[in-house]
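If you look up Swiss-Prot, you'll see T87, T88, E105, F106, D130, A131, D150, V151, A152, Q153 marked as S-adenosyl-L-methionine binding site, on the strength of sequence analysis.
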Amino acid sequence: MEKIKVKEIFNNVYSVDFGDGLKRIATKSLVPGKRVYGEKLVYSDSIEYRVWNPNKSKLGAAIINGLKKMPIKKGTKVLYLGASAGTTPSHVADIAENSLVYALEFAPRIMREFIDSCNERKNLIPVLGDANRPQDYSNIVEKVDVIFEDVAQPNQAEILVKNARWFLKENGYAMISIKARSVDVTKNPREIFAEQKKILIEGGFEIVDEINIEPFEKDHMMMVGIWNETKY
């Protein structure tokens, strides 16, 4: 068994040191022995950890790159927009631990993959729906502490504001992975990031952290905001 050093860097998020100088992070396995996307399982003091691959997770990439504000923690209720096959939502569920993570996905085929890979994580609630239409799943999703968005649409920022108005608690947090090329392939990514940030601020968010996630994803920016619509 590999000898590793584990250190908590955020609540329920850990750095794992294999002694090779490479930066790695992990979450405690909510379902020990169960892989979701072929991730490495490691052990320290009889606790199983899932190594979080930043090449397959924008949130993982942001943490590796030095994210300062991580609002997802134990007990946090989360709405995850753009769940895909469940790679990042599975780690978010590990972190939230005893709280619900609503995982929204638009494509039925991908949702089936998500259910197959994550069905043993009882705090992960699959929701089939369109993030542009929060009213369609308002009978399923409760008020949440954090919204995480990874949706490759031209109106990414507007989608976040729309969902925040339906579901985000006052002074709750949102995290959004902005994909510049999904907004406009003709513009400089920096210009797009500034435009999307402006939409978020005008919609009711105070941006408290921004981090580029290259080299893991090209032309992507992670933003973290506090929701206080009444201030704007």
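Every residue gets a Cβ built from N, Cα and C, even glycine.
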Neighbour tally for D150 (S-adenosyl-L-methionine binding site), based on other Cβ positions within 10 Å of its Cβ: 23
Under 8 Å by Cβ from E105 (S-adenosyl-L-methionine binding site), counting only residues of that chain that are 6 or more apart: G82, A83, S84, M111, F114, P126, V127, L128, G129
For T87 (S-adenosyl-L-methionine binding site), the number of other Cβ atoms found within 10 Å of its own Cβ: 23
Site diameter for S-adenosyl-L-methionine, Å, by largest Cα distance between T87, T88, E105, F106, D130, A131, D150, V151, A152, Q153: 20
Chain-internal residues near D130 (S-adenosyl-L-methionine binding site), provided their CB is under 8 angstroms and they sit 6+ positions away: F106, D136
Other CB atoms within 10 A, centred on A152 (S-adenosyl-L-methionine binding site): 12
